[in-house]
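Per TrEMBL, these features apply:
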ACT_SITE  His526  active site
ACT_SITE  Asp574  active site
ACT_SITE  Glu583  active site
DOMAIN    117-596  domain 'Glycoside hydrolase family 9'
TRANSMEM  79-100  transmembrane segment
Amino acid sequence: MYSANHWGGSFEIATDGAASEDDDSRNTDLDPGALQSSAARLHRHELDETQLGWLLGPPAAKKKNRHVDLGCVVVKRKVLVWAFWALVAGFVVVGVPVIVSRSIPRKIPRPPPPDQYAEALHKALLFFNAQKSGRLPRSNGIRWRGNSGLKDGSDAKDVKGGLVGGYYDAGDNIKFHFPMAFSMTLLSWSVIEYSAKYKAVGEYDHVRELIKWGTDYLLRTFNSSASTIDHVYAQVGAATIKSKTPDDHYCWNRPEDMAYPRPSLSVSTAPDLGAEIAAALAAASIAFRDDAAHSKKLAHGAATVYEFATRGSSSNNNNNQATYSRHRPEIEPFYNSTSYWDEHVWGAAWLYYATGNSSYISAATGPALAKNAMAFDNGILDLSVFSWDNKLPGAGMLLSRLRMFLNPGYPYEASLSGYHRAAELDMCKCLRRFAAFNFTRGGLALFNHGRGQPLQYVVANSFLAALYADYLDAVNVPGWNCGPHFIPADELRAFARSQLDYILGDNPRKMSYVVGYGQRYPRHVHHRGASTPRNGVRYSCTGGYTWRDSKKADPNVITGAMVGGPDRRDRFNDSRMAFGQTEPTLVGNAGLVAALVAVTSSGRAVDRNSMFSAVPPLFPAAPPPPPAWKP
């Protein structure tokens, strides 16, 4: 075994001859570094880690890394720990209570109570049940009404089953098909736009049943299964002014007691009536889109009768036909049509929406048709009033809808922009600030210049005002311009509500003009069925005069009937003989229903898409992307 020097250097102890050990000891207190001999410094050797461990004991523990590399950022470990525990604490404080609260079973909250417009809507629809003709279903709900008019159309040999059904027009017992068709068009339009609101108030099935009752009858007024027809029935029942023989005006009978002749009037020229029936059937086909077979039947009938209506006239010239009412004493004094070009635009627009056939939108937007209808003639004030005799404002609104929601562009843009601008001007004229129409002191718009039956014009135009406000909201446009004035959409809606509020009782007389609504309403309605008791007695033609002339209130309350309305000074004569003020009509109640459902807060606003369910894509589909490139 050999000795070895593990420390390095020599085993010999070197000494410095120049200084003794005692000297080194003394000098230690002065400068220890200086005491080292030069020889020791020369042989000094740095120790490695292992050697230091032998001399100094175990090394100090390494401090842990204080940072964590998260890839995109380096974070202190302490921060990461605090963040984790903060998340845990947040979950305990916030998440656990939320989970517990949601796990607790809750009662479904009740919908908000219906507003006054929804309450009035329930009643307004009942008027149509009271006006039904034919064999009534048990569910009709009007106790004082029964089967009537079961022999109607027996003289119309070409109509299988006769002309049984439909609706009586007003307080008499005549079935005028022109205003009846317009009423069905209005009801269908309101269902297409506001189906969610009807469902919210529980009237969706009811209103569709009323539309079906009317449009099924209209399908019987011509050969709706054919593609070409040469006549259409204009009405059932007749009367002449100051008649002295039994007819529907001379006699005062309940419909159930009618015993006088009721002729069926056929017309071979009906450019206005035919187009209005087409509009009613086309609109109903959209409202019944969920019933494919019935919808198709309605659309086919609409196309057939529209072809009949437009056959003898061309929009490319002013080849005027005779209106359906011209020189007809049974029609002209009551529902005289002053033009038919407006019905042609109106019917074509509805048929386009119902079928998607581009020929109809081409016809509706044709510049010659617009010229003949005077669609863009803003100088004639009465052309701005929507009514059974003037469909231009309604047609303009329908075509504005196409531009606002789908914007088809060329070749329709020039005409559509004209109709849109005309619709905007119609809305401007509704507002009191522009003084286009007079208003009563109580705030009622006099769209028919103070003549009889003012309310039916008020509600029809209030419907358009509320509808246009909803169109603006649906396309996120805050309003429109009337000349230099910007008008917010809410101002239109406020106008519509103000007119309905007047009708429902916010007027100088504090009287509701809807029978059965509120505490004070008309009690002497000009209506044969409402004024004659159902007491088992069958009154003769003139025997009913006792009830017509009676000062007593109606024995049968015709709930929901909107009467004609007050005069230009807000005065109202609650008398059966004042028929201009106390007689209800189909078109009046149809407009009332449409306006009420438009302004009620129940349910959501307009349905953007149902109107266009049959309209094909306006632009070609985008081509598929090219296949992925592979090397």
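Including glycine, each Cβ sits where the backbone N, Cα and C put it.
Owing to the predicted nature of the structure, the values given are computational and were not obtained by experimental measurement.
Minimal Cβ crowding within 10 Å, among the active-site residues Asp574, Glu583, is found at Asp574. Summarising model confidence by region, the domain 'Glycoside hydrolase family 9' (117-596) averages a pLDDT of 96.
His526 (active site) and Glu583 (active site) have their C-alpha atoms 5 Å apart, to the nearest angstrom. Here the Cβ of His526 (active site) has 23 other Cβ atoms within 10 Å, regardless of which shown protein chain they belong to.
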